[in-house]
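Taken straight from TrEMBL:
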COMPBIAS  23-37  compositional bias 'Low complexity'
COMPBIAS  107-120  compositional bias 'Basic residues'
DOMAIN    624-707  domain 'Smr'
REGION    23-43  region 'Disordered'
REGION    98-120  region 'Disordered'
REPEAT    229-263  repeat 'PPR'
REPEAT    264-298  repeat 'PPR'
REPEAT    299-333  repeat 'PPR'
REPEAT    334-368  repeat 'PPR'
REPEAT    369-403  repeat 'PPR'
REPEAT    404-438  repeat 'PPR'
REPEAT    440-474  repeat 'PPR'
REPEAT    475-509  repeat 'PPR'
C-alpha cells in the first residue's frame with residue numbers, strides 16, 4: 001500500500017470580508033492562539049490534514065521520507081512528475097470556455113420567472129405536424145359560429161398532445177378562434193391545462209383588444225388552480241393599457257406584486273406609462289426607483305415614457321433627471337427617445353437645451369426623421385428663433401433629411417408668426433416643385449395667414465383663385481384669414497364672395513370666423529350698405545350675435561337687459577374668443593358714438609373676468625395695461641381710469657409716485673395702431689402722460705403732474721361756470 005503524504009494546512013479566518021489561506025508545515029507552533037500585534041485582528045487557526053497517495057513508491061518519494069518535516073511541495077513533486085507532462089508541445093485540448101458559477105450570497109435571487117421557462121420545444125418534421133397545421137388552417141377559414149367550430153374540431157387528425165395544442169393555438173389568427181379552441185380544450189379534458197395555453201390565448205385576445213375576455217380567463221386560472229406567471233400578468237396589464245383601462249392595469253399590477261412576482265422590462269414599461277398617463281408623477285418615480293433597486297435595467301422605451309411624462313408637466317428638472325439616468329446606466333437614446341425628449345423640451349420652454357440635445361443626437365450618429373425636425377422647428381418658432389429655424393431648413397436640404405407636409409407647414413406657420421414673407425414664399429415654391437410634398441390645404445392656409453397679416457390683398461386673392469382652380473379645399477382657418485385681410489382693406493364685395501364660396505364648399509363657421517366678421521364690422525365706418533354686407537354674412541354664421549348687436553346699438557335698451565344677453569353670448573362662445581368679442585362690441589359702440597354703452601360693455605367684460613390684467617398696483621406704481629384690448633376698448637379703459645384717478649385726487653387719498661399706461665408696440669403693422677391712437681387720445685384729454693424713454697409702448701406720469709392736471713382741470717371748469 002502506498003505511503004500517505006501528510007501535511008497540515010492552516011486556514012486563518014479574520015474579521016474582515018476576506019479569508020486568507022496559508023499552509024503551515026510545523027506541527028508544534030507555539031503562537032497558534034497568540035496575537036503578537038494588537039493592532040491586527042485576532043485570527044482563529046484551524047488545522048486540516050491533507051493526504052495524498054501514489055500508486056507505487058518511487059526513488060524520489062523514498063528520499064523525501066528521510067527528511068524530518070518535508071514541505072508540501074516536495075511531497076507533491078513525485079505526483080506532479082507522474083501526472084503532468086513536461087513537454088511543451090503537448091497541451092490539453094480546451095473544448096469550451098467554462099461558465100462562471102459564482103453566486104453573490106448577499107443578494108437574494110429575483111423572483112422574476114424567466115421567459116425561457118416557456119421556450120418552445122423544437123418541432124421535428126412528422127406527419128402529425130403537417131396534419132395539425134392543415135387543421136389549424138381549416139379552423140381559421142371556418143365561420144365564427146359555435147356550430148361551425150364544433151363541426152370542425154371533430155375533424156382533429158390525431159390525439160391532442162401538449163405540443164400539438166401549442167401548435168394549433170399559435171397558428172390560429174382570429175382571436176375568436178383562439179378563444180374557442182382554448183375553451184374546447186378546457187371542456188374536453190384531453191390534456192392537463194397549463195399556464196402557457198392561457199398565455200398564448202391572452203396574447204391573441206390582446207391583439208383584438210378583448211380585455212374583458214382576458215380578465216375572465218385570469219379568473220378561470222384562479223378557480224382551476226393554474227398559476228399566473230410573469231407573462232400572464234404582463235399580458236393583462238399591457239392589454240388594459242392598450243384599451244385605456246388604466247385603473248384595471250394598476251389593479252392587476254398591484255395584485256401581481258402581492259403574489260411575489262417581480263415585473264420584467266415589458267411590464268415595468270407598460271405600468272410606468274399607465275401611471276404617467278394618470279398623471280401620477282410621484283408614483284412613477286417611486287416605481288422606477290423600486291425597479292432599479294431590484295436590478296432592473298430600463299430600456300429606451302421606459303425613458304421615452306418618463307421623458308414624455310415630465311414634458312407634459314413642463315418639468316425641466318425631470319427631463320434632466322431622465323438624461324442623467326440614461327447616462328449613468330449606459331443606455332444610448334434611440335430616435336424615439338430623442339423625439340420624445342425634444343418634444344418635452346418644447347413644452348418645458350427650453351429652446352437652448354433642445355438645440356444642444358439635437359446637436360448631441362446628430363453627433364451620436366442618430367439621423368433625424370420628420371418628427372424630430374418638426375419638433376425642433378416648432379420649438380424655434382415658439383421661441384421666435386427664426387434664424388435658427390431657417391438655418392436648420394438649409395441643413396435639411398444639404399443633408400437630404402426627410403421633409404413632409406407637417407414639417408413644411410410648420411415652417412410656413414413659423415414664417416407667418418414672425419412676418420418672414422420672402423422666406424415663406426420660397427418654402428411654398430419648393431413645395432410646389434417637390435414630387436412628394438405638394439402644398440395642401442394647410443399650406444395654402446399658412447400663406448393666406450401671411451398675406452392677411454401683411455395686408456397683401458392682391459396676393460391673398462390670387463392664392464384663393466389658385467385654390468379654386470386646383471380644387472384645394474378652403475378650410476375655416478383659411479377663410480378667416482382671407483376675410484380679415486379683405487375687411488381691413490374694405491373690400492366688402494370680395495369678402496361676401498369668399499364667404500359664400502366657403503359656405504357652398506362645406507365650411508362651417510366657427511367662433512373665430514364670427515370673430516373675424518365682427519372685427520371687420522367694428523372697423524367699417526363707411527356706408528350702411530357696406531355694414532349690411534358684413535351683417536348678412538355674420539347673420540348666416542351666428543344670428544344670435546347679430547341680434548345682440550342690434551340690442552346694444554338701441555339706446556332705449558336698459559343695462560340689465562344688456563347684461564343678461566351679454567352673459568348668454570359669452571357663455572356660448574369659446575373661451576379664446578370671448579375677449580375679442582367684447583373688444584369688437586365696444587368698438588362698434590364707439591363708432592356709433594354710444595360712449596356710455598361702450599363703458600357698460602367694458603364694465604361687463606371686467607365683471608366676467610375677460611380683462612384680468614387690466615389694472616396692476618404696487619406701493620410705488622399704478623399701471624393700466626391695455627395690450628390685450630382693441631383701440632376702442634383701450635380708449636374706453638383709459639377714460640375710465642382717468643375718471644377714477646380724478647375721484648381719488650379729489651378725495652385726497654394716498655397715491656403712488658408713478659402712473660404707467662402700457663400699450664405695447666405690436667409685431668405686425670396693423671397692431672401698431674393701438675400705440676398711435678392711444679397717444680392721440682392722451683393729447684385730446686390733455687392728460688399728463690409722456691412716452692417712456694426707457695421702455696417702448698409705455699406712457700408715464702408722476703403723482704405731482706397728475707394732481708396738478710386734476711386741479712387745473714376742475715378749477716378751469718369752475719371759472720367757466
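Each residue, glycine too, has its Cβ placed from N, Cα and C.
Automatic, uncurated: that is what TrEMBL annotation is.
Below 8 angstroms of C-beta separation, residues 265, 268-269, 272-273, 276, 281, 284, 288, 340-341, 343-350, 353, 357, 361, 364, 366 of the same chain, each at least six residues beyond the ends of the repeat 'PPR' (299-333), sit close to that stretch. Packing against the repeat 'PPR' (334-368) from elsewhere in the chain are residues 300-301, 303-304, 307-308, 310-312, 314-316, 319, 322-323, 326, 375-376, 378-380, 382-383, 385, 388, 401: each is 6 or more residues past its ends and has a CB under 8 Å from a CB in it. Within its own chain, the repeat 'PPR' (475-509) is flanked in space by residues 441-442, 444-445, 448-449, 451-452, 455-457, 460-461, 464, 467-468, 516-517, 519-520, 523-524, 526, 530, 533-534, 536-537, 540-542, 670, which lie at least six positions past its ends and keep a Cβ under 8 Å from the stretch. Sequence-remote contacts of a segment are chain residues at least 6 beyond its ends whose Cβ falls under 8 Å from one of its Cβ atoms, and for the repeat 'PPR' (369-403) they are 335, 338-339, 342-343, 345-346, 349, 351, 354-355, 358, 361, 410-411, 413-415, 417-418, 420, 423, 427, 437.
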